[in-house]
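Per Swiss-Prot, these features apply:
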type	residues	note
BINDING	His78, His89, His91, Cys97	Ni(2+) binding site
Amino acid sequence: MKITRFGVSVPDELLEKFDRIIEEKGYVNRSEAIRDLMRDFIVRHEWEEGDREVAGTITIVYNHDEADVVKELLELQHDYVDEIVSSLHVHMDEHNCLEVVVVKGKAGRIKEIAERLISLKGVKHGKLVMTTTGRELV
């Protein structure tokens, strides 16, 4: 892989803050931190394009005592069998459950799945975490 060196002009205060953060996070140098930022920027762009193949997780916390929430959750997951790769179910306490759904597919479709899961009656909190399939990252 060919590496290109380039210069970036930034205010001193911004660079000082950046250097403190990359040291806290354990980066060995600025270049690796900047590469990670560039990769994250590319991944976010992939998600903006609804027809791109992406991956992610949808995490929800719900009250399993809520009428029909478990049934609706299972039905919804079966509606998207091509995009839902797997799921993990955790009993948080006697009433609350955490479900992590691993998804892969077109960005627009993944967002649709997340919106439907998160908006189910009985879901207390939900979050879509987006990432990449890794195919186009170096």
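Placed from the backbone N, Cα and C atoms, the Cβ positions cover glycine too.
Distribution of Swiss-Prot features across the structure.
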| residue | record | CB count, 10 Å |
| --- | --- | --- |
| His78 | Ni(2+) binding site | 9 |
| His89 | Ni(2+) binding site | 12 |
| His91 | Ni(2+) binding site | 10 |
| Cys97 | Ni(2+) binding site | 20 |
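Annotation note: His78 (Ni(2+) binding site) sits in a helical segment as assigned by DSSP.
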